[in-house]
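Right, one structure below, let's go through it.
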Amino acid sequence: QEVTLRLHQFLPAQANVPVQVLDVWADNVERDSGGRIKVERYASMALGGTPPELMDQVIDGIADVIWTVNGYTPGRFPRSEVFELPFMVSDARAASSALWQMYTEHMADTDFAEVKMLAMWVHGPGMFHTNSPVSRPLDLQGMKIRGGSRGVNDLLALTGAEAIGMPISGVPEGLSRGVLDGATMPWEVTTALRVSELVENHTEFEGPALYTLTFSLAMNPDVYAALPDDLKTVIDQNSGHDFSVFAGGTQADADGPARQLALDRGNTIVTVSEADAQEWTGLVSPLYAAWVADMEGRGIDGQALIDQAQQLMADYTPQ
Amino acid sequence: MTNLEIGIASFPALLVLIFLRVPIGLAMFIVGYAGLYLVTGSSGMALARLKSSAYSTFASYSLSIVPMFLLMGYFATLGGMSQAIFRAAAAFIGHRRGGIGMAAVASCAGFGAICGSSLATAATMGRVALPELRRFGYAGGISTAALAAGGTLGILIPPSVVLVIYAILAEQNIAKLFLAAIVPGILAAIGYMLAISVYVRLHPDRAGTAARVGWPERLRLLTGVWPVLAVFIAVVGGIYGGIFTPTEGAAVGALGTGLIAYFSGGLTGRTLMEAFASTGKSTAMIFFIVFGAAFYNGFLALTQVPQELSTWVVTQGLSPLMVLVVILLIYLALGCVMDSLSMILLTVPIFFPVMMSLDFGMTPEHVAIWFGILVLIVVEVGLITPPVGMNLFIINAMDRGTPMSQTYRAVLYFVASDIIRVALLVLFPAITLFLIP
Amino acid sequence: MVQQLHRLIYALAYGVAIIGGIVLSALILMICASIMGRTGATLLHSDLIGGAFPDTAARLLGLGIGAVKGDYELLESGMAFAVFAFLGLCQITSGHATVDVLTDRLPDRARRLLQMGIEIAFAAALVLIAVQLHDGLQTQMRRGSVTFLLQYPVWWSYAAAFVPAVFAAAVAVWMALVRTAEGLLGRPLIDPATGAHL
Ligand code: NA
Ligand code: NA
């Protein structure tokens, strides 16, 4: 063994993403390198710090590889936010593919210039999990909701809901103490946080999802540069577009069992049809406009990013 | 040296610094810094971590409960609540043999219900009850020992600062841990009262009794306790009743006791400043230890010591109960020289993974809560075990006439009751867990 | 001279800690206001109250009754400031937790030299923390992250914490100077710090 890579991330080692995505990546790298690379896995922020610090940790060399939610530092990766806009993404594989392509075209030298990006993906459809049923925006009035992203918080404000800014780890306690009436997250996350035991109503959307978050699996560029060429190849072959699509798809597929768990408990699942979703999507056009204006202030053509993301997702063909 | 060896060598290095009287937070920071240097070959990583680690340790929603509970304790004293509790308790049981001592323990338990710190409980109730104990003919040793032991109820009975720190380290639900601590906390109070009753039977000359107080007077004194009850119900009831989070509960408690202190005339500009200064000093001390521990633990994780240790323990084929007993004995030994918070911060990241890798036939959450309560108790025992017991020092310093050796001897009765209680809780996890769904 | 300067620095440290206490109190009041607003909004939306007095309820809600927006992030930012503000007083009163069993038996001179080394190390650590916090502040300014709800720049919180961090480092340097002088002269220059911490 020649090289040890420290992989640092915020979830417990036995959670879905570490087991089904990150361990797969690490095992593949170890195998393909013939044991010359060893990936030491540090779960639950074991090396210290808080989740929003992960990206700086990989830039500063505290970890060699990190996995993080880009939205933990709102405003820092403006171009990736296009996939976090409400009702933007329908399919995690298509969106992960589009995200990776737009990363290479627009973000590699800008938002993420300081890291060697290995993969970027989105999670399955983000949705409402609430103590009283929600099918129309009006239903949210006065409800205390922990929003999963900045875009969702803005949407919540428009519906008259109260956006509560607690960390995701506080959600189970918040729900059980009535500090929260609900939270937004994809199905997959509900198992670890036991959300289906704490609330009885879930609201899904046909077509574009309420929201998604984008993830980065990133490496320290100097560590990558210091690798011998054949080990660089090992990293490259296990990273990039295809791994991004695999990761997004795997994470979305984990939604199924979690959804079944809620059904088994007898919980109510409201599915808003694409026609009924008009009432929701109509609300968000000012949010899109505000985001485009915000991007313009940063010298970024936000509308072009939205158009390109939608085009790439529409063009996506499953392999 | 391999990384693992560096990690292992960091323990003796840390202990040497601590015994050289280097403040514990600073010692952990220095060893963590040097360790990161040795493992990575440069100080780059340590410096990079420092860019955000002090800030993000201090800017913590969960930890902010600590200064709020501390402030709540000061306000409670300023509001005269400590006196009210003791007077009521003494009126009810003071005429029995050992009754005043038991009343002191009971009022420590009562004050512990609105105070999150052992030392604050010991110091506060010491100020109130020590003169009374001496007035009723209690010998120096039993007076100081009873109050030092009673002080630990400040942590054992929720709210509890140390339990908050454990909850954060072990990623467990603070409210559930508080709930689990209630019965063991009450058992502790009963155990201490039994210890007093054994002591006064063996040494009848070392304790007197008060005159019996009539029921009208008892009831009158009991009404003086209502603010304490109101605050406890508001805070703890609010947390369990689903009105607010533990951090919010601490804020409500601080405001509530603050208002009571204000309307009772105890809170003036002068005393408010003193409360701020004392809370600030304790807060800075606690947060700096947390910062040093977080820094050290990041280094320790990098050396893989915690993982290797838990793997090693599991492959030894020891019975889980045996491992637990060994860990608790290590805590008792450490407790003879270290304070509880530092011990928790230093050891939980190492022992917690070990505990979670063993099969006790319970859910992981139950193991985590059970272990948390056991650790809480053994580290609190450390506060009253000679030679270094912070509570012993604080109370003994208030009673200049009593030599430390007398306090040491008398406190052994309370330590014995602690050990019996720990054994009960180890053998019957249900005592701790039956309230937890 | 040393005594007078020490008294001045102590007064400053005390004052800064009081400012920390005022910030802490403000945070406590904000949280209580947030709980009341949140509970009030829930009641006004409920069938019982909101249903019985719909106009009043709507008017009150229109006034913005509800949880304090961004209470979590405000609490975190404020706490970082408050803790750094408390650090100076803890430093000047030797309020940090220590283990004294062995050193109590040392002769005076050895104890003074030990104390000198410790205070120098502590000063070095706090200066390092302040310097690196400044580095972190600049990094945050460059990154442009904002908070989730109120969307104020994260570096504002770093900047707020940096001011008392520098003060705490300065107090630590002063204590290191005093203890060094004491160690070299072999006699105390200031009143031994008093006040047991709780
Ligand atoms: Na308590
Ligand atoms: Na001890």
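Every residue, even glycine, has its Cβ placed from backbone N, Cα and C.
According to TrEMBL, the protein carries these features:
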- B:6-39: transmembrane segment (TRANSMEM)
- B:13-431: domain 'TRAP C4-dicarboxylate transport system permease DctM subunit' (DOMAIN)
- B:60-80: transmembrane segment (TRANSMEM)
- B:100-124: transmembrane segment (TRANSMEM)
- B:136-157: transmembrane segment (TRANSMEM)
- B:177-200: transmembrane segment (TRANSMEM)
- B:221-243: transmembrane segment (TRANSMEM)
- B:249-272: transmembrane segment (TRANSMEM)
- B:284-303: transmembrane segment (TRANSMEM)
- B:309-334: transmembrane segment (TRANSMEM)
- B:341-362: transmembrane segment (TRANSMEM)
- B:368-398: transmembrane segment (TRANSMEM)
- B:410-436: transmembrane segment (TRANSMEM)
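Sequence-distant contacts of the transmembrane segment (B:341-362) (same chain, at least 6 residues past either end, Cβ-Cβ under 8 Å): 14, 24-25, 28, 161-162, 165-166, 169-170, 286, 289-290, 292-293, 296-297, 300-301, 305-307, 309-311, 313-314, 320-321, 323-324, 327, 330-331, 334-335, 368, 370-371, 375, 379, 382, 429, 433. Long-range contacts of the transmembrane segment (B:410-436) within the same chain, counting only residues at least 6 positions beyond its ends with a Cβ under 8 Å from a Cβ of the stretch, are 139, 141-142, 144-146, 148-149, 176, 179-180, 182-184, 187-188, 191-192, 194-196, 198-199, 321, 324-325, 328, 360, 362, 365-366, 369-370, 373-374, 377-378, 380-381, 384-386, 389, 392. When each of B:60-80, B:177-200, B:249-272, B:284-303, B:368-398 is checked for Cβ pairs under 8 Å to the transmembrane segment (B:221-243), B:249-272 comes out on top. Of the two recorded stretches, the transmembrane segment (B:177-200) does not lie close to the transmembrane segment (B:60-80), with fewer than three CB pairs under 8 Å once pairs fewer than 6 apart in sequence are set aside. Counted over residue pairs separated by six or more positions, the transmembrane segment (B:60-80) shares fewer than 3 Cβ pairs under 8 angstroms with the transmembrane segment (B:368-398), which leaves the two as not touching. Within the chain, the transmembrane segment (B:100-124) has long-range Cβ neighbours (under 8 A, six or more residues past its boundaries) at 65-66, 69-70, 72-74, 76-77, 81-82, 85-86, 88-90, 92-94, 132-133, 136, 138, 142-143, 146-162, 164, 185-186, 189, 192-193, 196-197, 200, 207-210, 225, 228, 231-232, 235-236, 250, 253, 257, 282, 340, 380, 383, 390-391, 394-395, 398. With a cut-off of 8 Å between Cβ atoms, the residues of this chain six or more beyond the transmembrane segment (B:368-398) that come close are 118-119, 122-123, 126-127, 130, 144-145, 147-149, 151-152, 155-156, 160, 162-163, 166-167, 170, 172, 176-177, 180-181, 184, 188, 324, 328, 331-332, 334-340, 343-344, 348, 351-352, 355-356, 360, 362, 404, 407-408, 411, 414-415, 418-419, 421-422, 425-426, 429, 432-433, 436. Sequence-remote contacts of a segment are chain residues at least 6 beyond its ends whose Cβ falls under 8 Å from one of its Cβ atoms, and for the transmembrane segment (B:284-303) they are 3-4, 6-8, 10, 14, 23-29, 31-33, 35-36, 39, 49, 53-54, 57-58, 63, 66, 161, 165, 341-342, 345-346, 349-350.
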